[in-house]
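Working notes, beginning with the structure itself.
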Ligand SMILES: NC(=O)c1ccc[n+]([C@@H]2O[C@H](COP(=O)([O-])OP(=O)(O)OC[C@H]3O[C@@H](n4cnc5c(N)ncnc54)[C@H](OP(=O)(O)O)[C@@H]3O)[C@@H](O)[C@H]2O)c1
């Protein structure tokens, strides 16, 4: 029998992560001889030495270590090179390769949407990652400071937004995560939702005020659970070194997360 493969997630904190639940359920369902754990890592600069010391086959990386994983990986491939952050590490014959499946997973979520004009709300790490896979998107942020990171983009703050014509509105802020805030004033969102067809939130675990409002305007919506699932499906493709039937694997992940 083949040796058991070991995977884990590095983060700080890491106890809240749904990745072990998702991936272990998949291994069990598919009869794959592997297991997936979590590792509380304090010093991000030790991520690759820990990976090698633990002799694991692959890992995911969550807050706040994604930039460290990018810096320390033996090689970085794909969109992760542009984003500057790695959320998936794979052991390829002793060489630790870094990928970013957050942004790729997001594209998979909106694959069936028919959109041209996109507005990203927020200007933090998630907005940055998504802006690489949605290069024509405009950005709306509460304050000016972080918009400096989006020099080549059309950007607005709440005070100067003058374009409300978008098909797809994405909330990447943490507004609504631990409170009932909207990511922008209702008057702005209502003008946007009147014209838009789709609204996606990256927050998961609850229906946010942003998505509740979008539903009032009959928009087609997706929550952060979809992004979580698809970043996991794509990470699994890297872990197993093969293409998967993404829709089918996603259904397995949804099954355990919703249950
Ligand atoms: N579903 C998934 O798989 C997934 C993956 C990654 C992240 N996420 C979620 O994405 C969210 C953002 O993470 P991040 O790492 O990108 O955060 P971040 O880098 O800290 O950026 C936070 C952004 O949110 C804005 N913001 C915060 N509170 C706000 C409020 N009350 N009203 C309006 N804007 C507000 C900030 O605006 P200012 O610049 O004005 O401060 C900033 O643009 C988190 O909720 C995280 O859980 C989900």
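Glycine too: its Cβ is placed from the backbone N, Cα and C atoms.
Remember, TrEMBL labels are computer predictions, not curated facts.
The active site, proton acceptor feature in TrEMBL is assigned to 66. Summarising the environment of residue 66 (active site, proton acceptor), the number of other Cβ atoms within 10 Å of its Cβ, over all protein chains shown, is 27. According to DSSP, residue 66 (active site, proton acceptor) is assigned to a helical segment.
According to TrEMBL, the shikimate binding site annotation covers 17, 18, 19, 62, 87, 102, 204, 231.
The NADP(+) binding site annotation in TrEMBL covers 202, 224. DSSP classifies residue 202 (NADP(+) binding site) as coil under the three-state reduction. A C-beta separation below 8 Å, combined with a sequence spacing of at least six in one chain, links residue 202 (NADP(+) binding site) to 106, 126, 170, 171, 172, 224, 227.
TrEMBL lists 9-89 with the feature domain 'Shikimate dehydrogenase substrate binding N-terminal'. Within the model, the domain 'Shikimate dehydrogenase substrate binding N-terminal' (9-89) carries an average pLDDT of 96.
Listed recorded positions: 17, 18, 66, 204, 224. Those with a CB atom under 6 Å from ligand 1: 204, 224. Across the annotated binding residues for shikimate (17, 18, 19, 62, 87, 102, 204, 231), the two most widely spaced Cα atoms sit 18 Å apart. Here the Cβ of residue 87 (shikimate binding site) has 29 other Cβ atoms within 10 Å, regardless of which shown protein chain they belong to.
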